[in-house]
Ligand SMILES: N[C@H](CCC[C@H](N)C(=O)O)C(=O)O
């Protein structure tokens, strides 16, 4: 039977969304890479799969696959699209739903203005939770790379993030330093690498070289990571506008042990069928 899909995006971070609530969707890594391929497939940064809940207090399970076929435990822009998807597909009438990923439980709230507010859970800073090879948690990590000492913040939002402060985002070495840092041995599961420029105490600019997808137009969990690191470095307050190439997200964080809230849009572009994929 053919597999239908819905093409969506969150600020240009784009997704192929699959409804697997009535029929399992079990793709191979090659299937995922083919779906994500912008020439031979549909084209997307991530594939999102909505599955039946695996626990009584959960509405749906939510699996996230990067364009390279790797699986992640978090996708913030994807979570907003998932909330929109389950409403439009009438899979749930609720305004607030709880979804579980490989690593996190998220609470998604559809707002009256069409935006979605996501409780992304609390950031985790212990090296073992990121995961990262470091002897202890640091507010600023220093790492020798290509003859220079790189300074960055690191945390998990349910997926690993490193955040580097730059003076000028437009000339930041996102596509060279991003993959170099991402693949260092200190990140045993790699990392999403964010480059942030502080505009003022309420505003950040951010570009993210994502694990498994490269530089994207927006990264929701990356925006959360940058806002948290900037707050820990006392450069911003608890409510921050994060300006990404694809648009802006509102991030709120009350401090250690507290969840990060992300608010932003979710858009549906088209629907279709995977002609070659029959299960
Ligand atoms: N590349 C990420 C997953 C997608 C995250 C991003 N698209 C977001 O909106 O959070 C990872 O491997 O952890």
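Start at 1 and count along the chain as shown; that gives each residue its number.
Cβ coordinates are placed from backbone N, Cα and C, and glycine is handled just like the others.
TrEMBL annotates 13, 46, 66, 76, 77, 192, 210, 211, 220, 221 as substrate-binding residues; of 159, 278, the candidate listed for that same site is 159. 13, 192, 221 are the recorded positions among 13, 192, 221, 270 whose C-beta comes within less than 6 Å of an atom of ligand 1, given in sequence order. Of the recorded residues, residue 221 (substrate binding site) and residue 75 (active site) place their C-alpha atoms 6 Å from one another. The recorded positions close to residue 219 (active site, proton acceptor), defined as a CA atom within 10 A of its CA, are 13, 192 out of 13, 66, 192, 211, 270.
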